[in-house]
């Protein structure tokens, strides 16, 4: 990440909106924003394979659900935050991921400029590819600042997305059971 470019750009934005980048309260803002971007866009430098390739052998293939995984991301259209919770259900294929690995996978894909719809797809596809599960269902419920503070200005509006792969695409009863266990 080019922190120097970010600092220059933030300084230019401050100036472009009619503020003084040398004013006491804004003097270190470009550096703060650059450090913040390094943190909130850290998913750009990560690979979910690193997290999901370490798995544990199991005897049966019962459904695994990890729900209410908190996340935040930045809308790629306006660079405004959106945040919420991710639910993941999957059917193992004789191997399970450590529970923290699912949360880390959410971080990999959410910590970059993103669309909620794509975030769903990327998490599901990573589970299928790197965990080699028989199927997965990923749901996201999120609130978007681009809906709250600009445009239509509808605070409190929730956006729900859902992606099914493998067994969850093929078996509606399985999909409905996962939704029920997720509380949806």
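The backbone N, Cα and C atoms fix where each Cβ goes, and this holds for glycine too.
Feature annotations, reproduced from Swiss-Prot:
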type    : residues    : note
BINDING : 75, 78, 146 : Zn(2+) binding site
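Packing around residue 146 (Zn(2+) binding site) is summarised by its Cβ count: 16 other Cβ atoms lie within 10 angstroms of its Cβ, all protein chains included. Its Cβ taken as reference, residue 75 (Zn(2+) binding site) is surrounded by 18 other Cβ atoms within 10 Å in the chains shown. Each of 74, 76, 77, 79, 80, 82, 144, 145, 150 belongs to the same chain as 75, 78, 146, is absent from that list, and has a C-beta within 8 angstroms of the C-beta centroid marking the Zn(2+) site. Its Cβ placed at the centre, residue 78 (Zn(2+) binding site) has 16 other Cβ atoms within 10 Å. In the three-state DSSP scheme, residue 78 (Zn(2+) binding site) falls into the coil class.
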